[in-house]
Amino acid sequence: MAAPKVAVVGAGVIGLSTALCIVETCPSCSVTVLSDQFSPNTTSDVAAGMLIPHTYPGTPIHVQKQWFKETFTYLFAISNSAEASEAGIHLVSGWQVFKSTPKEELPFWSDAVLGFRPMSEAELQKFPQYQFGQAFTTLKCDCPPYLLWLQKRLKATGIQMYNRKISDLWELHSEYDIVVNCAGIGAHQLVGDRKLFPVRGQVLKVYAPWVKNFIRDGDGLTYIYPGIHRVTLGGTREKESWSLSADPGTTKDIFDRCCSLEPSLREAQDIKVKVGLRPTRQCVRLQREVLSQAGVKLLVVHNYGHGAGGFSVHRGTAKEAARLVGECVAALQGSSSGSKL
């Protein structure tokens with residue numbers, strides 16, 4: 001049969017990395033990326049890009065750990081290469097601090113990051129209002145450069161990328177054999193997923209080059225994540241809010257909270273405010289589906305709903321989505337030789 005045509009819908013970190021994994025694992029496929037937004041206008045561009053996993057209640061922990069390990073290993077190799085600066089990936093050390101000792105002193109990902117340990121008494125003196133903490137080294141992606149680096153890698157393999165808004169996956173059935181849905185929060189309308197909802201995040205990107213260590217409140221709401229050029233200060237988690245407008249009161253609140261953890265941030269300059277809608281579900285939707293209309297079938301692979309944890313697991317889920325695309329290709333080849341899908 002001719003090379004199977006695959007459309008990947010969405011050009012955030014999930015869409016681009018999924019397209020790349022498909023090319024790597026199914027080289028016989030002809031892959032196209034379709035999206036109404038590309039960097040710097042995606043939700044992924046707003047993300048802090050820190051590799052600290054968020055837990056998905058509906059996904060087995062061993063699966064989440066596998067996704068995270070695969071992502072960490074992949075990015076660690078890039079951070080150790082000559083492309084680290086262009087890809088915006090670097091190691092960063094720091095602390096996660098808690099007002100009281102958490103029930104789980106060792107999170108499931110503790111052995112996947114580097115040098116995970118409880119904080120010493122001396123370290124905790126930096127945070128007088130906190131009782132317990134964890135120190136470790138992890139990876140940080142500066143998101144806009146990383147997305148551009150992924151696009152460059154895709155273009156080098158001959159992948160086509162088109163600016164196109166898709167309102168219904170059926171639009172694509174006459175052009176493509178397999179459609180991969182990486183639409184993020186767009187899947188709410190695109191496939192009518194009512195289990196998917198936005199969690200609005202507002203962050204500040206500031207110039208404060210003296211801040212070298214990350215600091216994260218264990219509740220996940222207040223964080224300071226130094227990147228290569230700017231420091232990300234956060235944040236908010238506003239369920240079911242679709243607003244992309246920055247709120248000045250929230251900006252002040254985020255800045256004050258971060259300054260209470262790191263007082264030197266009072267001198268931060270060139271404060272830019274960003275807002276993104278995290279595509280949130282109980283579990284990532286990572287599955288095959290066969291859509292059928294009037295006897296016509298369309299093979300679909302879904303990979304969306306990563307919420308606040310997309311960067312931490314993006315490569316792991318992209319590899320799984322690519323494996324599912326491989327299953328679809330096998331089904332197509334089987335059907336072309338006379339068996340049913």
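Glycine is treated like the rest: Cβ placed from N, Cα and C.
These features come from TrEMBL:
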type	residues	note
SIGNAL	1-19	signal peptide
DOMAIN	5-324	domain 'FAD dependent oxidoreductase'
BINDING	THR43, SER44	FAD binding site
BINDING	TYR223, ARG278	D-dopa binding site
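The two recorded residues, ARG278 (D-dopa binding site) and THR43 (FAD binding site), show a Cα separation of 7 Å. TYR223 (D-dopa binding site) and THR43 (FAD binding site) are 18 Å apart (CA-CA, integer value). Cβ neighbours within 10 Å of ARG278 (D-dopa binding site), excluding its own Cβ and spanning all shown chains: 24. Within 10 Å of the C-beta of THR43 (FAD binding site) there are 25 other C-beta atoms, taking all protein chains into account. Residue pair SER44 (FAD binding site) / TYR223 (D-dopa binding site) shows a Cα separation of 17 Å.
Around TYR223 (D-dopa binding site), the same-chain residues six or more apart in sequence whose CB sits under 8 Å from its CB are ALA48, MET50, PHE214, ILE215, ARG216, ASP217, THR232, LEU233, GLY234, GLY235, CYS258, listed in sequence order. Counted within 10 Å of its Cβ, the other Cβ atoms near SER44 (FAD binding site) come to 30, all protein chains included.
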